[in-house]
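**Q** Quick one: the structure is below, and I'll ask about it shortly.
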Amino acid sequence: MKIYEGRLTAEGLKVGIIVSRFNEFITSKLLAGSIDCLKRHGAKEDNIEVCWVPGAFEIPVIAKKMASKGKYDAVICLGAVIRGATPHFDYVSSEVSKGVAHVSLDKEVPVIFGVLTTDTIEQAIERAGTKAGNKGYDAAMSAIEMSNLMKVLD
């Protein structure tokens with residue numbers, strides 16, 4: 001039996017990170033977590049590129065643009081969509097998750113979904129580096145593993 005796994009080293013990887021400016025007090029912490037993870041695993045700062053977008057809904061089109069360039073081993077998508085009193089949350093979170101998945105499949109580049117979709121602001125804060133860890137860090141770990149797995153399978 002042959003088993004394929006991605007190594008957990010970011011040495012030599014080129015990573016694009018897309019960050020939603022909406023809820024920036026949360027997303028900036030997710031970004032810090034992603035960058036921390038990448039650097040701790042050997043990525044050079046010069047190989048990390050960050051692109052800010054207005055909101056989570058704009059993430060998929062920029063993910064497609066970045067994934068299409070052929071220069072990134074992975075694209076990490078970071079945002080925070082917090083439920084409010086209207087159905088807007090459902091529309092945004094659904095379309096962003098579908099859009100990110102489609103880009104990854106279409107471009108055969110790991111496009112990692114690091115967008116928080118929470119019911120409350122407290123839940124978002126917990127997932128941005130307090131009690132529930134930092135989902136930006138977790139997204140970067142997925143990007144590292146998937147990038148290396150894609151290389152193994154090529």
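Quick reminder: no glycine exception, Cβ is built from N, Cα and C everywhere.
Sharing the feature lines straight out of Swiss-Prot:
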| type | residues | note |
| --- | --- | --- |
| ACT_SITE | His88 | active site, proton donor |
| BINDING | Phe22, Ala56, Phe57, Glu58, Ala80, Val81, Ile82, Phe113 | 5-amino-6-(D-ribitylamino)uracil binding site |
| BINDING | Ala85, Thr86, Arg127 | (2S)-2-hydroxy-3-oxobutyl phosphate binding site |
**Q** Please classify the secondary structure at Ile82 (5-amino-6-(D-ribitylamino)uracil binding site) using three-state DSSP.
**A** strand
**Q** Which residues does Ile82 (5-amino-6-(D-ribitylamino)uracil binding site) neighbour through Cβ under 8 Å, counting only same-chain ones at least six apart?
**A** Asn23, Phe89, Leu116, Thr118, Asp119, Thr120, Ile121, Gln123, Ala124
**Q** Drop a 10 Å sphere on every Cβ of the recorded positions His88, Arg127 and tell me which sphere holds the fewest other Cβ atoms.
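**A** Comparing Cβ neighbour counts within 10 Å for the recorded positions His88, Arg127 gives His88.
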**Q** Between the recorded positions Ala85, Thr86, His88, Arg127, which lies closest to Phe22 (5-amino-6-(D-ribitylamino)uracil binding site), Cα to Cα?
**A** His88
**Q** Can you give the largest Cα to Cα distance in Å, as a whole number, for the residues Phe22, Ala56, Phe57, Glu58, Ala80, Val81, Ile82, Phe113 that bind 5-amino-6-(D-ribitylamino)uracil in the record?
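**A** That value is 16 Å for the farthest Cα pair.
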**Q** What's the CA to CA span in angstrom from Arg127 ((2S)-2-hydroxy-3-oxobutyl phosphate binding site) over to Ala80 (5-amino-6-(D-ribitylamino)uracil binding site)?
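**A** Cα-Cα distance, Arg127 ((2S)-2-hydroxy-3-oxobutyl phosphate binding site) to Ala80 (5-amino-6-(D-ribitylamino)uracil binding site): 10 Å.
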**Q** Go through Ala56, Ala85, the listed binding-site residues, and name the one with the sparsest Cβ surroundings, counting other Cβ atoms within 10 Å.
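**A** Fewest other Cβ atoms within 10 Å, among the binding-site residues Ala56, Ala85, is found for Ala85.
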**Q** For Phe22 (5-amino-6-(D-ribitylamino)uracil binding site), name the DSSP secondary structure in the helix/strand/coil scheme.
**A** coil
